[in-house]
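**Q** Sharing the features that TrEMBL gives for it:
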BINDING   Gly36, Ala37, Gly38, Lys39, Gly40, Thr41, Arg157, Arg202  ATP binding site
REGION    56-86  region 'NMPbind'
BINDING   Arg62, Gln84, Ile85, Val86, Gly116, Phe117, Pro118, Arg119, Arg163, Arg174  ribonucleoside 5'-phosphate binding site
BINDING   Asn123  CMP binding site
REGION    156-166  region 'LID'
Amino acid sequence: MFGRWVVDVSRKVPSLLKRVSLGMKPQVVFVLGGPGAGKGTQCSRIVENYSYTHLSAGDLLREERAREGSEFGQLIDNYIKEGQIVPVQITINLLRKAMEDTMQKDENKFRFLIDGFPRNEDNLQGWNTVMDGKADVKFVLFFDCDNQVCIQRCLERGKSSGRTDDNRESLEKRIQTYLQSTRPIVQLYEKLGKVRTVDASRSVDEVFAEVKAILDKEVSFVNDMCGCK
């Protein structure tokens, strides 16, 4: 079943390659942090102030789960409810399609915040296999937040979000999955000097002030490298 998704990705990537050959590769920032660390909120702020498109791996999976006629809707639902990581073939296919669609609609939209991905080594290997040379990962924006703060935020969010995974049982599982699977990915990128860490336990405005300082520094560095003003 998953094999067909791999074939689908392989067939569709050339169309993205064609787009890339005519202009910029997708410029990607991976956004990682525990559930409730504020990734989505901060990504919305970034989109308002910088030329990025926000792609949430979780939102894309939930949309696919809810899509009428989705072959993998029930499978995705089971993984999400158990706090487990959805098979990489599904997630990468959704991310690839979202980037391709965005770039086809507007050639100037080639900067992407990919929120909640890669969540484990399998995700990272899958990305490297399918997207190596086809997208440029600039750095990882890591929202570091105390686990109990994350849980309380999610429980509060769950009162109105309607999300089936915003409950204490699912959250405990999600936190464990995050610690066991996602933190090692952050550590791997740290060894490459490609992690920008933000203390996400503070208020939204305080967190964004630090995010803004990081992004302004990155933009300044790129401008210096290319001689832009």
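Quick reminder: no glycine exception, Cβ is built from N, Cα and C everywhere.
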**Q** I'm checking region-level scores; what's the whole-number mean pLDDT for the region 'NMPbind' (56-86)?
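**A** Per the prediction, mean pLDDT sits at 89 for the region 'NMPbind' (56-86).
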**Q** Near the region 'LID' (156-166), which residues from the same chain, at least 6 beyond its ends, have a CB less than 8 A from one of its CBs?
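**A** Same-chain contacts beyond the flanks: 35-36, 62, 77, 80-81, 83, 174.
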**Q** Using a 10 Å radius around each Cβ and all protein chains in view, which of these binding-site residues has the most neighbours: Lys39, Arg62, Arg157, Arg163, Arg202?
**A** Lys39
**Q** Would you give the longest CA-CA distance, in whole angstrom, between residues of Gly36, Ala37, Gly38, Lys39, Gly40, Thr41, Arg157, Arg202, the set recorded as binding ATP?
**A** 17
**Q** Could you tally the C-beta atoms, other than its own, that fall within 10 angstroms of the C-beta of Thr41 (ATP binding site)?
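**A** Counting Cβ neighbours of Thr41 (ATP binding site) within 10 Å gives 15.
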**Q** So which binding-site residues are near Ile85 (ribonucleoside 5'-phosphate binding site), with CA atoms within 10 Å, out of Gly36, Gly38, Lys39, Gly40, Arg157?
**A** none
**Q** Which of the binding-site residues listed here (Ala37, Lys39, Gly40, Thr41) have a Cα atom within 10 Å of the Cα of Gly116 (ribonucleoside 5'-phosphate binding site)?
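**A** Within 10 Å Cα-Cα: Lys39, Gly40.
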